[in-house]
Amino acid sequence: DDDLFAEDEGFGDVNFHYPGLDFCQTRPTLVCTPEEDAFNPCEDLAGFSFLRVAIWFINILAIAGNLTVLLVFFTSRSKLTVPRFLMYHLAFADLCIGIYLLMIATVDLCTRGHYSQHAIEWQTGPGCSAAGFLSLFGGELSVYTLSTITMERWHTITNAMQIERCLGLTQAATIMAAGWFICLGMAMLPLVGISSYTKVSMCLPMDIETPQAQAFIIILLLFNVGAFVVVCVCYVLIYLAVRNPELPGRSADAKIAKRMAVLIFTDFLCMAPISFFAISAAFKVPLITVTNSKILLVLFFPINSCANPFLYAIFTKAFRKDAYQLMSAMGCCKSKASIYRMKAYCSENAIKNDLRQKNKGSRAGMRLAAMQQQSLHLKEEGEVT
């Protein structure tokens, strides 16, 4: 009976053990595409949960702030000045960074938990290339425009007594046209084979396999470091030019120094950490993983894009005047707009009358008039609030 039962259990020579169904011997494994490596860890695009929240907060702040600046400036009835013209370009450049972060955040939201299934489609598709182009173009144009704004302030303040030497709109347009040409060229190079936007999920040019790509990354970093040095030197020269050693009070000097320190500190936070780790990676000595570098890219890279519209525009008196005038045209805040118009009119006339009187006097009077003109320029641009 036992032999008969054994024969019935086996059903003769038929074998019911299929390797594909034997879960005890063959366990399914997660396969990432593209294959996991140092540049493409098998994880979601954002990598960390807190980054997923931070990237939305930062991109909304950057987009809202810079769109507000562009809206108020474009609808303003004030005369187009060189600082205002440069601020258009700065807001547009920072808006590009905000749009880049919005694209990254949207893709991360749509592919959460299964990014590996969409990695090839995203990184090799037009979306990643467009995001990378916006990131590099916006970042470099922002750096270039910040340097131009700082140098324009230094040049205007140090040549306050020589109005003919001040930067004109035609000269500013030429300088910015050159900046657009340089930044567009930098952003186009990864699209034509010099480095690549498809190396990592964040769509930044991290490809350093060829000598040309390595040289490209080093040139980008040196450009950013050089711009930061220019900004620092110009602000030190501005402070030395506007401080008044003849007066015992130092409150105005302290305000100027604090404001400049904030501007330099935000630039340093934005550029220094990324530049340090990127230079080490460019020389093929990486000190940080791609996973951890996402923290730098989300929390430090867009600092200027979020801070610039507030530090250079929204917190300034000139912007508040334009904003109240716009709201007055829409039927609200008419009293505030009238106050700002009256203050601007009185201040401008007082400075003009004082300059006419001082120009007829001694050299000391002319020097004092120049210092007052410097102070007016700083107040108009928001350096002293």
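Backbone N, Cα and C define each Cβ position, glycine as well.
Just so you know, TrEMBL annotations never went through curation; they're auto-generated.
Positions annotated as domain 'G-protein coupled receptors family 1 profile' by TrEMBL: 65-312. Annotated transmembrane segment per TrEMBL: 53-74, 86-109, 129-151, 172-195, 215-242, 262-283, 295-315, in sequence order.
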Query = Going through 86-109, 215-242, 295-315 one by one, which has the most CB pairs that fall under 8 Å from the transmembrane segment (129-151)?
reply = 86-109
Ask   = Apart from its near flanks, which chain residues at least 6 from the ends of the transmembrane segment (86-109) lie with a Cβ under 8 angstroms of it?
value = 44-46, 52, 55-56, 58-63, 65-67, 69-70, 73-74, 115, 118, 122, 127, 130-132, 134-135, 137-139, 141-142, 145-146, 148-149, 152, 172, 176, 179, 202-203, 298, 301-302, 304-306, 308-309, 312-313
